[in-house]
2 protein chains.
Amino acid sequence: MKRLTKEDLKGWKTKREDDTSEQLASVKEIIRRVRAEGDTAVRTYTETFDGASLDDYRVTSEEMSDAYESISQKYIDVIQEAAINIRRFHEKQLPTSWFDTQENGTMLGQKYTSLDRAGVYVPGGTAAYPSSVMMNIIPAQVAGVKRIVMVTPPGPDGQVPIGVLATAQILGVTEIYKVGGAQAIAALAYGTETVPKVDKITGPGNIFVALAKKEVFGDVDIDMIAGPSEIAVLCDDSARAGEVAADLLSQAEHDERSSSICITTSERIAGEVEEEVEQQLKGLPRREIAEKSIHTYGGIIVTATMEKAVEAVNELAPEHLEVLTENPYEQLGAIRHAGAIFLGPYSSEPVGDYFAGPNHVLPTSGTARFSSPLNVHDFMKKSSVISYSEAAWKENVDKIASFARLEDLEGHARAIEKRKERLDD
Amino acid sequence: MKRLTKEDLKGWKTKREDDTSEQLASVKEIIRRVRAEGDTAVRTYTETFDGASLDDYRVTSEEMSDAYESISQKYIDVIQEAAINIRRFHEKQLPTSWFDTQENGTMLGQKYTSLDRAGVYVPGGTAAYPSSVMMNIIPAQVAGVKRIVMVTPPGPDGQVPIGVLATAQILGVTEIYKVGGAQAIAALAYGTETVPKVDKITGPGNIFVALAKKEVFGDVDIDMIAGPSEIAVLCDDSARAGEVAADLLSQAEHDERSSSICITTSERIAGEVEEEVEQQLKGLPRREIAEKSIHTYGGIIVTATMEKAVEAVNELAPEHLEVLTENPYEQLGAIRHAGAIFLGPYSSEPVGDYFAGPNHVLPTSGTARFSSPLNVHDFMKKSSVISYSEAAWKENVDKIASFARLEDLEGHARAIEKRKERLDD
């Protein structure tokens, strides 16, 4: 692993910028055609890109129950237990509408409502993780979204992965379409004869999905564009190098472009982690991926103090952060930017991937500086509520009208003054 | 005004789609150059687009206090009072970090942190509203953003509007740059020698600003792309047509593309509103704008029942909604999509533009279906916190490892299992 300095972290994210103009051009064309031709375009693209020829591309309830029947009880049990944990955590996020009354009779408030319709993208092939289904669907369900639509690309045989279908069945999702790529995003954003137009699209995907989501943003809402997975492990002399290395590799095995960084105050740990990583790499089934990832985007930073180590963490703003220090709660307050923070030796990152309850859809590429894990608020929105009393109006009408005139908006002034006619009645 | 049906509202937003590919090309070029050349590019574009040649484009503290000195005490008073109201409302939005402990020693939680840096765009020229300054700056201040940067385009004389500067001075903003357009957005998104890179950009702007914001989205966060202003007035027979008409016109005067819709159960009111609108238009200084707007994008819908009227409101998802009915609180629950909801006859829309407290930066063009008024949460983000206890780990390690193996992620399984070595110690 490379030795890095805090300075190196500043450019860390930008090292992975690719030219995507070619893919963008085809994404735009796909969106244009799906908007214009609806299902016809969706079917054509599914044939071209997925090699599947589908007349009816909605998953049937038979396919769902067949998938459920075909997986083991052990699998069902762990999904169900994880779902309970995830639901419990997300229920804590539920906001409440509030109002603030004033003695003069005015009420000001904020009303929460759920979205009417949400669309969840689930990738196909090797990235078809049942956990992705849970992490996207459950927050939408907890928020109270009325209609949840899932899309996922079919294989050439027209089938979608059994694990994904079974998980959807367990969660009670009933509306799934076999469509992927930019054509799925376009269908969700603008609607077709078959797929309903939704209000928000979430879920990970390849570069075409990511570009399409950015393209339709504004017409519908989207979650953040996800980059490769990342982990940072903040540790002092009390950590065990073997655990640090294993946790770094657990992210490195995701993707050749995943990033795994160890930030430590201990030169000894740094050396041991380097050795452990090489050692543990040897027996890893996804060794090739992990090796490439950890040698290109991995690194170790040794700082003089814990304060400087935390500064480095904040500079990086990692997706996952483990704190393996003597007393991790002591660092929690100074950590400003991280998607999920795992405290102490038993909070190995995979604990959060499936099971503990918090969402695994997290801000990547330093976007933890300004964005959050996927959560119930992502499937709700607020409306301001203003109920001005007669007394409040009387007290303020002249001030408001004069402010409007200062901004040269006479119509605004007249609107509020129009109520003066009531005084004459 | 046109008579519309509920059906008409479905396509309402899409009627305003323009081809912006030409502007987008120049926006991309501006962003590319600002990223590559920093201040040099900013100065060149300011000279080209604003006609101002500025060596140092940061507003000095002298300019700030001069602006403050030059405005009337009455103006200062009303800004200060409005600022108090706005601050009070937004303080109610402040979230708290929470945690949930389990008896086995596990702690799961959600930690809120403010953004480090926010950038606020304030338009120049006729759209330079002091209220925009308040509505963008105050939520960021309440959220606790450490560094707030304002940008606004200079006139050819190198000056920025006094009202904007004075308002900033009153609010305690100290970092303002004279730069506008796409070059301002690029400078905030990527930083120059002078302008710091920020984490989020908010504030309204022209088409170049809007396109630039969409372009940099992902590298930084942005608020929603604002469209023309809109109002819907939901009313029954108890409303006064003169007030309805005045309020419709208060939005119509903003922009030729503003939309003002009256949705009523009363044929009588519908007729009277039409007459009143024509009558009141006559004396309006911004008549030309308001007339064009109300005749093109304005309309009246008469429905058979209040239920159907509310359905029409939800279909439209208006930025501003006034409820002028006998008992407006009765409709509040069924209204799902609206940026701000004004209840009763004294809550004329301009009450919310400056003064009452809720934010006037609201979702337009039907985006109230999935987005919210600008608020304190926009300047904060969450981190999940996971502190698994030894007992929780012991109880779940095998389940989590087997789930990881089902998803073919052996490295994940090994990471959590690595802790088993502790049992041997």
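Backbone N, Cα and C atoms are what each Cβ position is placed from, and that goes for glycine too.
Same-site candidate for substrate binding, as annotated by TrEMBL with B:Ser229, B:Gln251, B:His254, B:Asp353, B:Glu407, B:His412, chosen from B:His90, B:His295, B:His320: B:His320. Reported as a whole number, the C-alpha separation between B:Glu407 (substrate binding site) and B:Gln183 (NAD(+) binding site) equals 46 Å. Around the Cβ of B:Tyr121 (NAD(+) binding site), the same chain contributes B:Val151, B:Thr152, B:Gly180, B:Ala184, B:Ile185, B:Leu188, B:Ile201, B:Thr202, B:Gly203, B:Pro204, B:Gly205, B:Val209, each under 8 angstroms and 6 or more positions distant in sequence. Local packing around the binding-site residues B:Asp353, B:Glu407 was summarised as the count of other Cβ atoms within 10 Å of each Cβ; on this measure the leading residue is B:Asp353.
In this entry, B:Glu407, B:His412 stand out among the binding-site residues B:Tyr121, B:His320, B:Glu407, B:His412 as having a C-beta under 8 A from a C-beta of chain A.
Counting only same-chain residues at least 6 apart in sequence, those with a Cβ under 8 Å from the Cβ of B:Ser229 (substrate binding site) are B:Gln251, B:His254, B:Asp255, B:Ser258, B:Ser259, B:Glu319, B:His320, B:Thr364. On a Cα basis, B:Gln183 (NAD(+) binding site) lies 45 Å away from B:His412 (substrate binding site). For the binding site of substrate, formed by B:Ser229, B:Gln251, B:His254, B:His320, B:Asp353, B:Glu407, B:His412 according to the record, the largest Cα to Cα distance is 57 Å, rounded to a whole number. Fewest other C-beta atoms within 10 angstroms, among the binding-site residues B:His254, B:His320, B:His412, are seen around B:His254. Look at B:Asn206 (NAD(+) binding site): DSSP puts it in coil.
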